[in-house]
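> Take a look at this one; I'll ask things after.
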Amino acid sequence: PIAGSMVLAAILLKLGGYGIIRMMQVLPPTKTDMFLPFIVLALWGAILANLTCLQQTDLKSLIAYSSISHMGLVVAAIIIQTPWGLSGAMALMIAHGFTSSALFCLANTTYERTHTRILILTRGFHNILPMTTTWWLLTNLMNIATPPSLNFTSELLIMSSLFNWCPTTIILLGLSMLITASYSLHMFLSTQTGPTLLDNQTEPTHSREHLLMALHIIPLMMISMKPELII
């Protein structure tokens, strides 16, 4: 069910990061060098999850693996134990909660009209539902952390803290972000462009679907541009 996927991606997946943040406050302070294997493992796991995304043909699986790759960055940022890293991790958990939930919602919008989640069979939506294509574009741009979204702010904080801790990590981070951009572009082009395989009886989008997407996108913009709204 779509509601379960949205709650799982937006809330339940973030409980692990929240638990690590709480445990870090309880544990005695240790040298960050002790956590080097875990930071490398988290970043390498993010890259592997991103590479897995490139191999997916199922839309829902692709979005699910995308969530896993972002949580790798969150874990790496928390373990460094710097204020910037912690702020970036919390911001990315909030930002990705909105983004992944919006992507699952869009995937369900596509599934309700095509009755399939295979990427190649859902193409050509820009001819039939242009407004939905706009939502897909905005959400994918958020997923690859373009300004002025909260994703950009959080990834900038994480990148700065990781680079300050160890400049070599910029290689793993850069590779991860490059692959993220690749599969996001692949997902958008596969589902929206090209000749459509649907008939002319496709159900139009409802106002509730547009409202739902607006309630995902607007907070991401507003929290980044006016953080005093929540702080």
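Positions of Cβ are set from backbone N, Cα and C atoms, glycine also.
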> Could you tell me which of the ranges 1-21, 211-231 is annotated in Swiss-Prot as transmembrane segment?
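Comparing 1-21, 211-231 with Swiss-Prot, transmembrane segment matches 1-21.
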> Is the transmembrane segment (1-21) close to the transmembrane segment (156-178), in the sense of at least 3 CB pairs under 8 angstroms with a sequence gap of 6 or more?
no
> Which stretch from 1-21, 34-54, 118-138 shares the most C-beta pairs under 8 Å with the transmembrane segment (84-106)?
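Answer is 1-21, with the largest number of Cβ pairs below 8 Å.
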> Quick test of the contact rule: Cβ under 8 Å, at least six residues beyond the ends. What residues does that give for the transmembrane segment (118-138)?
56-59, 62, 102, 106, 109-110, 187-188, 190-198, 202, 204-205, 209-210, 213, 217
